[in-house]
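Worksheet: the structure to be examined is printed underneath.
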Amino acid sequence: MTIAIALVAALVLWWASTVLIIYLDGLRPWTFKYSFAGATLVMAASLWGLHETASDTSLTGAYLAFVAGLLAWGWQEVSFYMGIVTGPRKAACPEGCGGWKHFGHAIQTSLWHELAIIASAVAVVALTWGQPNQFGTWTFMILWWMHQSAKLNVFLGVRNLNEEFLPEHLTFLKGFLNKRAMNLLFPFSITISTVITVVVAQAAFADGASAFEQAGYSFLTAMMALAILEHWMLVLPMPTAALWSAGLKSRGEIRPFVAEIVVGFLGAGKTTFLQRLLAEADPAEKTVVLVNDFGELGIDAGLVSGGDAEVVELPNGCICCSLRGDVTDRLRTVLADMQPDRVLIEPSGVADVGALLGVLETPEIKPHLRETRLWTVIDAAAFVADYARLHDYFAVQARLAPVFIVNKTDLVDGEELATVLDTLASLNPRAETVLARHAQPIGHERTVVPVLGDRPEPHVHGSDSDDRAGHHHHGPDALGFESASLALDGSLSSAQLRSLLARLVDGEFGRIARAKGIARDGDGWLKFDIAGGRASVTAHIPRDEDTARVMLIGSDLDREGLATAFAEPAAGLRLVATA
Ligand SMILES: Nc1nc2c(ncn2[C@@H]2O[C@H](COP(=O)(O)OP(=O)(O)OP(=O)(O)O)[C@@H](O)[C@H]2O)c(=O)[nH]1
């Protein structure tokens with residue numbers, strides 16, 4: 001009876017602890033530091049427990065020693081699978097890598113992990129040295145053997161690799177797994193394991209064995225039997241994953257998706273283009289839009305009304321190095337929660353496109369990415385003037401672009417358009433060019449797909465966005481801009497708004513690079529813009545959450561003057577925030 005209970009207890013404890021580890025490991029990466037800290041405390045407690053139980057030869061002593069050995073092993077698994085204690089190599093092998101070199105790389109992927117196991121094993125042995133209760137130590141050793149042998153076997157080649165258990169941040173390890181029916185080591189692994197199992201089982205059943213010995217050897221028998229089972233599972237066609245399904249629950253399955261990024265300078269027509277993409281979207285494809293508006297009031301999220309598409313606002317400000325982790329986490333959450341087929345991203349006109357592409361390259365995102373498309377929208381009417389001031393910005397953007405959407409062609413004559421096209425061609429001769437009006441391509445077959453192929457390094461310090469002293473800038477200030485946002489509480493007529501915008505365009509309140517907003521006109525609504533030095537006002541269809549507001553970007557902004565100017569006709573304006 002003691003033996004039966006001990007066998008069942010060992011299996012249950014082992015299964016439950018494995019499920020827990022798989023579960024914790026599938027949670028969002030920000031939780032890892034807490035899981036790891038918890039596991040480390042548990043590890044410390046288990047080492048203490050091993051020491052305390054080493055001289056205890058009661059039945060309880062056998063149980064406690066087993067649990068302590070199991071938990072000490074758990075730390076090794078947690079620290080490795082969470083990517084905290086791994087090895088110096090964090091990438092797959094290059095094409096054609098093989099033989100000993102490949103084996104060397106494989107060792108490098110988990111060198112620290114293996115050294116940590118050795119150090120832990122030394123500690124476990126030292127703490128129980130010369131004492132009668134060695135069951136905890138043996139539990140640790142058996143788990144180590146299971147681990148090493150299974151690892152060598154998956155490297156040499158087996159049928160079931162169970163790759164789905166590899167968390168995303170370790171997917172590069174797949175390159176070290178081999179799928180084949182069997183390998184030469186396998187029969188040895190099985191034979192050795194079977195011999196050990198028989199020996200420990202005999203000890204459990206031996207005449208005159210105490211309850212302590214019966215339970216202790218039963219634990220070891222159960223662990224060894226699991227080792228054998230685990231090995232057979234590697235080569236026999238068995239649906240082993242079902243055993244761990246409880247642990248996999250924490251992993252939001254992510255569907256492969258296409259990322260489509262719309263970039264362009266302030267006011268070039270990105271939102272207009274995005275609206276067109278949404279209007280033409282295949283309703284069968286689940287589409288999510290990420291907008292990253294510059295300014296506190298997030299006007300774009302309100303303007304992108306996309307039928308079935310859901311709109312998510314990214315953290316305010318520029319997408320750049322410092323925000324990269326946030327954006328990655330946010331995107332990961334969107335992918336897991338919303339399961340999109342297609343993600344449209346409109347970074348603000350001053351965002352660092354390279355940093356955004358870098359986010360798509362992170363190990364959390366990249367494995368799910370089917371394709372990246374990059375649309376670069378150019379304001380044909382404002383290009384020559386903007387380029388004079390911000391040529392570095394345009395040069396970086398142009399270099400990355402597979403396709404230029406040369407927009408606002410209605411505002412330029414043929415000569416000016418030719419100048420824009422020639423400049424773009426000199427910046428990136430390989431890019432395709434599509435002429436557009438209100439982001440609608442004209443005279444062009446509609447099949448252009450701007451797939452990003454081998455692209456230049458996404459974002460390197462020391463590139464054009466760094467100044468000569470090596471300081472890296474990003475965001476609006478890098479381009480010498482500041483922003484202001486105002487809430488417009490009152491109502492104003494189209495005529496009042498137009499005359500006010502004309503004063504803004506004239507530079508009465510500083511240099512306005514971009515303004516956009518919505519305002520009330522009696523019972524109606526107006527949407528207004530200043531882009532490329534031109535003001536426009538159109539009727540706006542309000543949404544429930546709409547509030548009248550304006551966002552301004554420029555330099556030398558006269559905030560007080562602006563507040564007063566908007567307050568005059570709007571009667572009751574509040575200055576909400578300035579940045
Ligand atoms: N005349 C003209 N106006 C356009 C064209 N395309 C867009 N616009 C207008 O230009 C203004 C800016 O367009 P948006 O699509 O909001 O530009 P954006 O690039 O999203 O702007 P930000 O997000 O602020 O950088 C709006 O008033 C548009 O209606 C065009 O081809 N011709």
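Cβ coordinates are placed from backbone N, Cα and C, and glycine is handled just like the others.
Automated prediction, rather than curation, is the source of TrEMBL annotations.
Note that the structure is a prediction, hence the values are computed from the model and not measured.
Copied from TrEMBL, the annotated features are:
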- 454-469: compositional bias 'Basic and acidic residues' (COMPBIAS)
- 261-433: domain 'CobW/HypB/UreG nucleotide-binding' (DOMAIN)
- 481-567: domain 'CobW C-terminal' (DOMAIN)
- 452-476: region 'Disordered' (REGION)
- 34-50: transmembrane segment (TRANSMEM)
- 57-75: transmembrane segment (TRANSMEM)
- 111-130: transmembrane segment (TRANSMEM)
- 184-205: transmembrane segment (TRANSMEM)
Average the pLDDT scores across the domain 'CobW C-terminal' (481-567) and report the rounded value.
86
Sequence gap of 6 or more, Cβ distance under 8 Å, 3 or more pairs: do the transmembrane segment (34-50) and the transmembrane segment (111-130) meet that?
yes
If you run through the domain 'CobW C-terminal' (481-567) with DSSP, how many residues end up as helix, strand and coil?
21 helix, 41 strand, 25 coil
Counting only residues 6+ away from its ends, which parts of the chain sit with a Cβ under 8 Å from the transmembrane segment (57-75)?
2, 6, 9-10, 13-14, 17, 21, 39-40, 42-43, 45-47, 49-50, 120, 124, 132-140, 143-144, 210-213, 215-216, 219
